[in-house]
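S.K.: Pasting a structure below so you can have a look.
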Amino acid sequence: MLGLNGTPFQPDTLQLTGIPGMQTGQAWVALVFCILYLISIAGNLSILALVVLEPALHQPMYYFLSMLSLNDLGVSFSTLPTVLATFCFNYRHVGFDACLVQMFFIHTFSFMESGILLAMSFDRFVAICDPLHYATVLTNSCILAMGLGILAKSFTTLLPFPFLVKRLPFCKGNVLHHSYCLHPDLMKVACGDVHVNNIYGLFVVIFTYGIDSTFILLSYALILRAVLAIASQEQRLKALNTCISHICAVLAFYVPIIAVSMIHRFWKSAPPVVHVMMSNVYLFVPPMLNPIIYSVKTKEIRRGILKACYKS
């Protein structure tokens, strides 16, 4: 894409893509996305309402859960405008600056989710390994500080991304490969020196996903050691059962990320539809699954839902 003087420039708009190779059946895809959004938004709003309104849920574990639900709402609302415009209204254009803003928020909320899952693993670690000091360690001020720390870390590490992209010229067209804006996707149509973007992107991934996942694994290694030291098998199972929901949430978040990374690394010749579908799984499945996981596996959440249904 060249300007009047033959030099590359930034386009006013970028063109989004639905599902590559799917010329028909867009209405069914739109219906699927609408259902995913409906489940995700309704489920996470219900979790937030339960935690706020139910006094029995005013505990650290559920405060962290409410952070996770709030963050999942952020993920859903970040992608919703362009996804619905692409599949429901066949409007595939997004302004360049609006695309940068969407990219920033999608990545920020994704990295925040990793930090929240780490905080939740710390909550389970303290609850099982040092239960006598649980209330004194995880005070309301401590939880608030952890939440603000996660927000500040994600915001500051992702803030340079829009400016790093903004400095680049775009000479490889303006067609993106998704129905939303992602940094790797923008790098495919940018030209000039993108080494800074790629190196900083790798640094951010290691600094967030790498460190967070390492500490999550470490916390569960310590939890497992503490659980195995419990004499009663019934008490061991009871302690492990309190971690099941969090383990499922961690797997729902990290397995798609690992799968996307493996495909990009070892299956570069994969059809475009594979990359697009895996990216969709990575962004849409965790916000939808988390409320379901905690509603099914957490007795207090189930009790709150039944109580709310009974009142209505």
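Keep in mind that glycine also has a Cβ here, set from the backbone N, Cα and C atoms.
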S.K.: Please find, within the list 126-146, 273-293, the residue stretch that TrEMBL describes as transmembrane segment.
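M.R.: Result: 273-293 is the stretch TrEMBL calls transmembrane segment.
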S.K.: Okay, the transmembrane segment (273-293) and the transmembrane segment (73-94): do they have at least three CB pairs under 8 Å, pairs separated by 6 or more?
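M.R.: Result for the transmembrane segment (73-94) with the transmembrane segment (273-293) is yes.
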S.K.: Mind pulling out the one from 27-53, 199-223, 273-293 with the most Cβ pairs under 8 angstroms to the transmembrane segment (244-267)?
M.R.: 273-293
S.K.: Do any residues of this chain, six or more beyond the ends of the transmembrane segment (199-223), have a C-beta under 8 angstroms from a C-beta of it, and if so which?
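M.R.: Long-range Cβ neighbours of the transmembrane segment (199-223): 111, 114-115, 117-118, 121-122, 124-125, 128-129, 153-154, 157-158, 160-161, 164, 183-184, 239, 243, 247, 250, 254, 257.
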S.K.: Could you give the mean pLDDT over the domain 'G-protein coupled receptors family 1 profile' (43-294), rounded to a whole number?
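M.R.: Result for the domain 'G-protein coupled receptors family 1 profile' (43-294): average pLDDT 91.
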